[in-house]
Amino acid sequence: MPPQEKFPVSAGVSGNLSPQDASPDGGLSASASSDGLSSVKGRKSGDDQDDQEQPKDIDFDDLLPHVGEFGTYQRILFVLMIPFAFFVAWVYFSQIFITLVPEKHWCRVPELENLPVEERIALAIPVGEDGYSKCTMYDVNYTELLLNGIREADSNWPTKGCSHGWEFNFTDIPYETVATELGWVCEHSALPTTAQSVFFVGAIFGGLIFGWIADRYGRIPALVGANVTGFLAGVATVLAGSFWEFALCRFFVGFAFDNCFTMMYILVLEYVGPKWRTFVANMSIALFFTFAACILPWIAYFLANWRLTCITISVPLALAVAAPWLVPESARWLVSQGQVEKAIGILGKFERMNGTKVPENVYQQFRETCARVCKEQEADKTYSVVDLFKSPRLRNVTILLIIIWMVISLVFDGHVRNVNNLGLDVFVTFTIAAFTELPADTFLTLVLDRWGRRWLACGTMVISGIFSIWASAISNNIYSATLAIVGRFWVNISYNIGLQYAAEVLPTVVRAQGVALIHIMGYVASILAPFVVYLDTVSPILPLLVLGVMGILGGLLTLLLPETLDKDLPQTLQDGEDFGKNQKLWDMPCLSK
């Protein structure tokens with residue numbers, strides 16, 4: 001699912017797991033999470049004599065086996081991810097259900113309101129090739145027609161647009177939505193799509209702001225701030241009486257999106273050992289996010305009121321104010337800020353809960369390593385994202401990563417938004433489509449560190465594209481929807497792979513900034529996704545056809561990236577330039593073992 005984090009953080013001896021290296025809708029594999037890139041370990045070069053003379057460098061990951069890699073405290077934190085996973089799922093998907101428009105609607109004619117629905121339609125609504133018009137009515141004197149006993153329309157009567165709003169058939173969507181309430185149909189039918197795009201614009205700005213807060217003041221303030229913002233904006237949405245008021249509220253809901261879960265996600269991943277990170281990263285999404293997404297349509301269905309739905313899914317976000325008392329601050333962030341003793345104090349809580357003990361000499365080595373690395377970092381050259389584009393091979397890889405991630409983001413979000421165009425019950429269809437996240441993440445957990453990234457990303461995107469195109473070519477709604485859902489399953493997998501690819505390919509010195517750029521461009525693509533879905537108004541086959549073609553092209557492009565499984569990941573810009581140079585197109589880790 002969709003959330004992603006994208007902002008630079010301080011690294012160094014504090015370890016390597018930044019908001020860029022882990023993102024809540026995708027797995028962080030064990031081989032990537034250790035990143036091969038602790039700046040401390042990266043400097044361990046020299047002959048054996050030097051190694052014997054110098055004390056062993058201890059980074060944060062070296063402490064975890066002593067503290068416990070997935071002990072009682074880590075399991076508690078894993079469970080505490082549940083409410084935050086619910087929050088981000090509801091924030092992300094809720095706009096689908098508060099802006100639904102029933103398929104059947106027609107012009108409202110006040111003079112005919114005393115007649116049965118069938119008679120009103122027969123007298124006032126023109127008939128075309130696709131049935132009764134949704135956007136026009138006959139321009140006649142209805143009072144006079146009623147007085148003369150006329151109950152059937154004459155197709156030669158003049159017509160005009162709906163001047164008194166619309167009537168809706170709420171059989172399939174049994175409640176009023178903001179779209180039906182404010183008349184976002186016909187010439188205004190693009191407004192729900194535009195509002196969704198505004199949501200993603202908010203996500204870009206919110207990510208930048210909360211990313212800065214996370215780096216400056218810590219993960220917990222960013223976690224609380226994002227959730228409180230989502231709560232306030234979500235509740236304020238119910239007061240919207242116009243498109244611009246609604247769009248402004250959705251901008252600030254988007255502002256909170258991603259970070260309302262990502263910060264918690266990162267915190268938990270930082271405290272579990274590398275071998276457990278693939279499990280925690282993927283299964284937190286497979287179990288918690290998926291369940292939240294599956295129950296959301298039924299919350300909307302049974303409440304049958306878009307305002308109550310907004311309040312119900314927004315108020316729980318306020319529970320995040322309890323996080324400072326339940327969730328420890330990031331020890332890695334504390335170390336990056338020079339607060340080593342405070343970080344060690346937090347690890348002491350893990351020791352007590354897990355029944356473990358870190359030897360004092362290990363802590364002392366850790367303190368010495370932190371002090372030494374901080375001094376070295378002060379003298380380090382400062383790099384920027386521009387450096388990614390200065391050497392030819394690294395430039396090509398960076399551009400490929402940007403294009404591929406934009407395609408994946410657009411295809412994934414397009415499949416999410418297109419569920420209402422599949423011609424079946426939107427509540428059932430969405431639930432089934434959302435459930436595909438569980439088998440997708442479970443499958444990825446089992447194979448990602450065995451099969452590698454490149455061919456797996458390529459295969460899943462191409463397969464998703466094939467099923468999407470196949471679905472667009474079939475007129476039967478049941479078969480078409482089934483194929484589209486299968487396409488959604490495969491793009492779930494490629495989305496999760498794509499989330500971590502950049503964190504593994506880009507060199508350490510510009511990793512955070514590079515991944516930030518790539519993920520921001522992903523949100524730019526997500527801004528366009530609702531308009532791809534809106535192509536349904538031009539032709540029903542276009543949304544899935546476009547998503548399918550883009551998926552296939554994006555999948556083929558991943559073959560031009562280097563494989564990262566079981567590789568020492570690049571540290572310097574030169575490492576990044578040389579990374580994967582000797583790999584061949586057909587190299588597959590699963591076949592070489």
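Every residue number used here counts from 1 along the chain in the order it is shown.
Cβ atoms are placed via backbone N, Cα and C, with glycine included.
Taken from TrEMBL as is:
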COMPBIAS  21-39  compositional bias 'Low complexity'
DOMAIN    137-566  domain 'Major facilitator superfamily (MFS) profile'
REGION    1-60  region 'Disordered'
TRANSMEM  76-98  transmembrane segment
TRANSMEM  194-213  transmembrane segment
TRANSMEM  220-244  transmembrane segment
TRANSMEM  250-272  transmembrane segment
TRANSMEM  279-300  transmembrane segment
TRANSMEM  306-327  transmembrane segment
TRANSMEM  397-414  transmembrane segment
TRANSMEM  426-448  transmembrane segment
TRANSMEM  455-473  transmembrane segment
TRANSMEM  515-535  transmembrane segment
TRANSMEM  541-561  transmembrane segment
Inset, instruction - Please give the sequence-distant neighbours of the transmembrane segment (250-272): residues at least 6 beyond its ends with Cβ less than 8 Å from one of its Cβ atoms. - result: 3-5, 15, 17-19, 22-24, 28, 33, 60, 64, 69-70, 73-74, 77-78, 80-81, 84-85, 87-88, 91-92, 95, 195-196, 198-203, 205-207, 209-211, 214, 219-220, 222-223, 225-227, 229-230, 232-234, 236-237, 280-281, 284, 317, 320, 323, 327-328, 330-332, 350
Inset, instruction - Might you confirm whether the transmembrane segment (455-473) is in contact with the transmembrane segment (279-300), defined here as three or more C-beta pairs under 8 A between residues 6 or more apart in sequence? - result: no
Inset, instruction - Determine which recorded stretch among 220-244, 426-448, 515-535, 541-561 has the most C-beta pairs below 8 angstroms with the transmembrane segment (455-473). - result: 541-561
Legend entry - Sequence-remote partners of the transmembrane segment (306-327) [C-beta within less than 8 Å, at least six residues beyond its ends]: 77, 80, 83-84, 86-87, 90-91, 94, 97-98, 175-178, 181, 220, 223-224, 226-228, 230-231, 233-235, 237-238, 256, 260, 264, 267, 296, 299-300
Legend entry - Close approaches to the transmembrane segment (220-244) from elsewhere in its chain (Cβ under 8 angstroms; 6 or more beyond its ends): 84, 87, 91, 94, 98, 178, 182, 184, 188, 191, 194-195, 206, 210-211, 213-214, 250-253, 255-260, 263-264, 267, 307, 310-311, 313-315, 317-321, 323-324, 327, 329
Inset, instruction - Could you give the residue numbers and ranges of same-chain residues that sit at least 6 residues beyond the transmembrane segment (515-535) on either side and whose C-beta is under 8 angstroms from one of its C-beta atoms? - result: 4-8, 20-21, 23, 189-190, 192-194, 196-197, 200-201, 203-204, 207, 211, 385, 398, 401-402, 405-410, 413-414, 417-418, 421, 502-503, 506, 542-543, 546-547
